[in-house]
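Comments concern the structure below.
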Amino acid sequence: MATSTGRWLLLRLALFGFLWEASGGLDSGASRDDDLLLPYPRARARLPRDCTRVRAGNREHESWPPPPATPGAGGLAVRTFVSHFRDRAVAGHLTRAVEPLRTFSVLEPGGPGGCAARRRATVEETARAADCRVAQNGGFFRMNSGECLGNVVSDERRVSSSGGLQNAQFGIRRDGTLVTGYLSEEEVLDTENPFVQLLSGVVWLIRNGSIYINESQATECDETQETGSFSKFVNVISARTAIGHDRKGQLVLFHADGQTEQRGINLWEMAEFLLKQDVVNAINLDGGGSATFVLNGTLASYPSDHCQDNMWRCPRQVSTVVCVHEPRCQPPDCHGHGTCVDGHCQCTGHFWRGPGCDELDCGPSNCSQHGLCTETGCRCDAGWTGSNCSEECPLGWHGPGCQRPCKCEHHCPCDPKTGNCSVSRVKQCLQPPEATLRAGELSFFTRTAWLALTLALAFLLLISTAANLSLLLSRAERNRRLHGDYAYHPLQEMNGEPLAAEKEQPGGAHNPFKD
């Protein structure tokens with residue numbers, strides 16, 4: 001019995017030990033944040049740079065026009081490389097994404113509101129929530145507080161501001177233009193063509209196809225360059241990440257594994273590598289232990305930070321994340337005037353147009369320059385009417401769309417735009433509707449009466465003509481019977497002697513009855 005009790009006690013102790021190890025294993029999953037690669041001295045409480053804030057004006061930057069849409073083209077290409085840099089083997093990933101306006105996003109740590117909450121999260125956690133196909137760590141942040149540094153615009157939401165401090169920026173404007181370089185606060189806040197995605201890095205690596213590191217060092221931080229720390233940040237080998245675009249306007253993400261001062265690459269080597277990949281503009285993002293690459297929600301890189309158990313390496317909880325996802329509509333809700341289908345807005349209504357369903361189009365005539373195009377059609381100016389506002393108001397009406405009747409004396413017409421009564425147009429006065437109706441009825445009845453009278457007279461004339469003709473024919477027939485044809489036969493005596501009257505008639509006398 002004692003033996004079984006002892007065995008049970010040992011079993012319980014073993015189980016307790018297993019659970020303790022398991023809990024310890026969970027604790028060991030947290031990064032120690034020990035591979036730090038900072039561009040500026042850690043002891044100095046400062047924002048990303050000490051240089052003067054630029055509130056207004058145009059700063060040096062490059063704008064690349066949005067690439068044309070290529071239906072059916074592959075949206076994402078991820079290449080894995082192992083390259084040698086001065087006899088050092090370096091592994092990493094190069095990602096290209098077409099149509100960055102619809103396939104790329106800057107994400108706050110852990111989702112929307114992460115910067116305001118000063119939240120930190122691993123790239124995996126943030127990427128899974130946003131369905132990222134490829135994700136990397138993004139901009140710089142304060143290790144002790146989690147504060148997002150620099151400018152951050154995430155899906156059109158401005159969540160962090162640098163206040164005009166001049167660090168390298170990469171962003172996408174609403175029309176798809178890719179912007180790389182230095183921006184004033186005024187340019188960041190532009191509302192005519194605002195940024196939909198924007199984040200800050202440190203060091204402009206490549207500008208318009210040329211390495212720009214020296215110029216960037218002088219521009220971004222004069223004072224810290226003297227301390228040597230910024231120079232070390234540029235030249236030390238470490239894990240690195242970058243973002244930019246190529247000549248086709250495709251988004252390019254770069255990631256290289258490493259550990260500060262032990263393995264990896266420096267900024268010069270990274271810039272040269274990117275140039276060989278036809279990258280035109282690129283900036284450097286957070287590196288060192290922050291460098292993380294996640295593919296389809298799974299960690300695909302080798303972190304340099306140690307876990308709580310030094311035997312293992314763990315991904316660091318970082319701030320912003322750059323994400324490549326399936327094509328999305330821009331904006332996702334199509335401005336409330338359409339439905340997003342396969343990354344393209346299908347606009348509702350008859351007049352909403354444009355990639356984001358935010359443009360009103362009332363046809364080629366554009367309301368004939370006499371009205372305003374609205375979501376229900378043309379809203380005509382005063383004095384005009386019709387579906388495209390091409391018709392002037394009829395007499396007696398005025399105002400927008402000719403919806404108001406004139407109120408002039410004697411029903412005179414008014415100005416079709418203002419409704420003012422015009423004395424010079426008295427001759428064009430209109431009759432009252434009742435008078436017009438009575439006149440119309442009278443005219444109608446008069447025409448009907450005249451038509452009936454004309455038909456009656458014609459009928460009587462026809463009857464009279466027929467009667468006269470019948471009477472004439474009847475009289476002719478009677479005369480023919482009374483004075484019909486006959487032959488004259490002279491009378492003779494029975495003895496063959498002529499009558500005495502015939503004898504007495506002279507030979508030259510004319511006999512009217514003789515042929």
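Cβ atoms here come from the backbone N, Cα and C positions, even for glycine.
These come from Swiss-Prot:
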- 1-25: signal peptide (SIGNAL)
- C115-C148: disulfide bond (DISULFID)
- C132-C323: disulfide bond (DISULFID)
- N208: N-linked glycosylation site (CARBOHYD)
- N214: N-linked glycosylation site (CARBOHYD)
- N296: N-linked glycosylation site (CARBOHYD)
- C307-C314: disulfide bond (DISULFID)
- C362-C373: disulfide bond (DISULFID)
- N366: N-linked glycosylation site (CARBOHYD)
- C380-C389: disulfide bond (DISULFID)
- N388: N-linked glycosylation site (CARBOHYD)
- N420: N-linked glycosylation site (CARBOHYD)
- 470-515: topological domain 'Cytoplasmic' (TOPO_DOM)
- 486-493: region 'Mediates the interaction with AP4M1' (REGION)
- 488-491: motif 'Tyrosine-based internalization motif' (MOTIF)
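Everything Swiss-Prot records as a feature, shown here on the structure.
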residue	record	contacts (Cβ under 8 Å, 6+ apart)
C115	disulfide bond	E108, P109, E147, C148, V152, V159, S160, S319, T320
N208	N-linked glycosylation site	E62, V280, N281
N296	N-linked glycosylation site	R133
C323	disulfide bond	F104, S105, V106, L107, T126, A127, A130, C132, V134, A135
C362	disulfide bond	F351, C373, G377, C378, N388
C380	disulfide bond	C367, H370, G371, G386, C389, P400, G401, C402
So which one is it: of the glycosylation sites N366, N388, N420, which has the fewest other Cβ atoms within 10 Å?
N420
Nearest recorded site to N214 (N-linked glycosylation site) by CA-CA distance, among recorded positions C307, C314, N366, N420:
C314
Between N420 (N-linked glycosylation site) and N366 (N-linked glycosylation site), the C-alpha gap once rounded to whole angstrom:
28
C362 (disulfide bond): secondary structure state under DSSP, collapsed to three categories:
coil
Which one is it: of the recorded positions C148, N214, C373, C389, which Cβ has the fewest other Cβ atoms within 10 Å in this structure?
N214
I want to verify one value. Collapsing DSSP to three states, which class is C314 (disulfide bond)?
coil
Most Cβ neighbours inside 10 Å, all chains, among the disulfide-bonded residues C132, C307, C314:
C132
